[in-house]
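Participant: Straight out of Swiss-Prot:
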{"type": "BINDING", "residues": "G152, G153, A154, G155, V156, G157, K158, T159", "note": "ATP binding site"}
Amino acid sequence: MTEVKKGKINQILGPVVDVRFPSEWLPEINTALELNNHGSKLVLEVSQLVGDNIARCIAMDTTDGLVRGQEVINTEKPIMMPVGKQVLGRMFNVTGDPIDEQPAPTGKRMPIHRPAPSFAEQAEAIEILETGIKVVDLLVPFAKGGKIGLFGGAGVGKTVLMQELIHNIAKNHGGLSVFAGVGERTREGNDLYYEMAESDVLDKTALVFGQMNEPPGARMRVALSGLTMAEEFRDAFGQDVLLFIDNIFRFTQAGSEVSALLGRMPSAVGYQPTLAFEMGQLQERITSTKKGSITSVQAVYVPADDLTDPAPATTFSHLDAKVVLDRAIASLGLYPAISPLQSTSRLLDPLVVGVKHYSVARRVIEILQRFMELQDIIAILGMDELSEEDRQLVMRARKVRNYLSQPSHVAEKFSGQPGLSVKLEDTIEGFRKILDGECDDIHEQHFLYVGKIDDVFEKVAKSK
């Protein structure tokens, strides 16, 4: 029988705990340590070895009730997450303990820290993933096995858009999904769980939560816990996995809190000096290999609507598609409030999406760009001062802008309007008709919150 390697708590500073070990038993960085905190298991993760045989650790749960001199066990391995079929339909915390009042899984576990796949193992992602959301499919096509970021400030609809993508993709996708709730509202996680149960996708989904009320250690590691489950589905089962992370900014924020507690010098805007490294470690593991793919959708909170903030700016470089949500569009009551001019996708290329799709998308972007340039003239001088050509362009641009809106399935209970999914070919055809002037005699109001262009013609026929 192997000897249990024990240390003792030397100091407690909020979520940071110093543990002294005998020199021959000193744990490695990222090792999980365990102790009994008034009947419940508390996991610590080694972050620094500060000398004098002391391991400085981050707690994965509250440290209330800990005392100096308390015994701590070195598990000699990282935090281990349950993986495989046993996690489907279940809800876990950062350390792999169930939080759905069901028994703990007893099967295979994998460490949350591991290297990213090598270049030789990786596969390219160029297949289009249809979402049924017009503005996304037309202007910001998603790659199957790619990385997608939803950028937006507070209250512009990131979580609703993510839940809509879960509804549209996970339902039609047929594969397995993992949802990691990182530092967001517990209520939203609760709602998501019951919505998934109702729509019969829960048995193909694993959920991992480290929400707002958790200490920074849990919020910093829960994205890795969810990713570990997704990697197992990809590597061992050869699956095309969907990984949803809400919200990746909270991962950075937790890293910043931990960094300050560990006494590191802050860098730009008070973020941790290791920001790019930590983000890279996480993002490089979210990739497609020759065995299977991970398609990830990540919500990214943008502090004070500033896209140049180091946290969202660091995330940008890792993504295939960037969906930017705009407060100005949300204030017009147009949802999803996606900015067509700020959002970009690597896949919007005639060689990938085809010439017809590409040319319609470019024309939509051009007309909206010109419309934006004319806004100041319209505001000062009015529409009458525009040339006939520009006036026609503005009328079409307004129709295009309204037609980019769409009723969502997850907001059905608030809006009372049934959600709609639109096929890509119908989306392309609809915008082509508006741009070619086939809808010039229809008022722009009729284009709000409809699906296909045929729905607009039906609306007009009914109103006559």
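Every residue gets a Cβ built from N, Cα and C, even glycine.
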Participant: Count, for each of the binding-site residues A154, V156, the other C-beta atoms lying within 10 angstroms of its own C-beta, and report the residue with the smallest count.
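Facilitator: Relative to the other binding-site residues in A154, V156, A154 has the fewest Cβ atoms within 10 Å.
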Participant: By the DSSP assignment reduced to helix, strand and coil, which category contains T159 (ATP binding site)?
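Facilitator: Assignment for T159 (ATP binding site) reads helix.
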Participant: Among all the protein chains here, how many other CB atoms are within 10 A of the CB of G152 (ATP binding site)?
Facilitator: 27
Participant: Give me the sequence-ordered set of same-chain residues, not including G152, G153, A154, G155, V156, G157, K158, T159, with a C-beta within 8 angstroms of the centroid of the ATP site's C-beta atoms.
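Facilitator: For the ATP site the neighbour list reads Y301, L325, A330.
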Participant: When DSSP is mapped onto helix/strand/coil, what comes out for A154 (ATP binding site)?
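Facilitator: Its secondary structure by DSSP: coil.
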Participant: So if I draw a 10 Å sphere around the Cβ of G157 (ATP binding site), how many other Cβ atoms end up inside it?
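Facilitator: There are 22 such Cβ atoms around G157 (ATP binding site).
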Participant: Pick from G153, K158: which of these binding-site residues has the biggest number of other Cβ atoms within 10 Å of its Cβ?
Facilitator: K158
Participant: Cβ-Cβ under 8 Å from T159 (ATP binding site), same chain, 6 or more residues apart: which ones?
Facilitator: E184, E188, D246, A299
Participant: Have a look around G155 (ATP binding site) and count the other CB atoms within 10 A of its CB, chains all included.
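Facilitator: Neighbour count, Cβ to Cβ under the 10 Å cut-off: 10.
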